Amino acid sequence: MSDMSNEQELDPRIASRLKRDSKGLVAAVVQQYDSGRVLMVGYMNDEALRRTLTTGRVTFWSRSRQEYWRKGDTSGHAQYVKSVSIDCDGDALLVEVDQVGSACHTGDYSCFDAGGELPAVVGHRTAAQKLVPNGPGAPQPVNAAVSGIDALDDTKQTIKAKEG
């Protein structure tokens, strides 16, 4: 999709929160809204984000072609916006979409299908961390570990009292 002449400005309240790279771009992680599956990563400048927020379709800035492109205009594999979130640092966006067809230019549903997993050491939570729920308002792992130690001490005292 080529550059449009009727550009407007991105809402300053949104623009002020963005931390752009040296080319004025922010990474946009695109995710299928109902499955949570990550589909692709694209880049947006202020105008691409404004178009995404105001048209209901995802628009990116093509770093190779140096032009705007709206996903699906040539392939028919459109991305319909469900929500857009900014991360805590302002340097990345999460765009939840209803994907029609393939998201990847290779024809794969996700751009992460063909690449495959890289060899990596798999990490595991400690026993104390397994007790810690995820999400907003959840206690920090350090607090859970301390609580776990307190609970263990209480259990030891109870056992000693019963034995003694």
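Heads up, the Cβ atoms here are built off N, Cα and C, so glycines get one too.
Here TrEMBL flags D87, D89, D91 as Mg(2+) binding site. Feature annotation from TrEMBL assigns Zn(2+) binding site to C88, C104, C111. Annotation comment: TrEMBL describes 40-112 as domain 'Phosphoribosyl-AMP cyclohydrolase'.
Features recorded in TrEMBL, as mapped to the structure shown.
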residue: D87; record: Mg(2+) binding site; contacts (Cβ under 8 Å, 6+ apart): L93, L94
residue: C88; record: Zn(2+) binding site; contacts (Cβ under 8 Å, 6+ apart): none
residue: D89; record: Mg(2+) binding site; contacts (Cβ under 8 Å, 6+ apart): K19
residue: D91; record: Mg(2+) binding site; contacts (Cβ under 8 Å, 6+ apart): L18, K19, R20, D21, V26, A27
residue: C104; record: Zn(2+) binding site; contacts (Cβ under 8 Å, 6+ apart): L39, M40, S110, C111, D113, A114
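For C111 (Zn(2+) binding site), the Cβ neighbour count at a 10 Å cut-off comes to 18, with all displayed protein chains included.
Secondary structure at C104 (Zn(2+) binding site), taken from DSSP and collapsed to helix, strand or coil, is coil.
Note: the Mg(2+) site is recorded as D87, D89, D91; in the same chain, K19, I86, C88, G90, A92 also have Cβ atoms within 8 Å of that site's Cβ centroid. When the domain 'Phosphoribosyl-AMP cyclohydrolase' (40-112) is classified with DSSP, helix, strand and coil residues number 10 helix, 30 strand, 33 coil.
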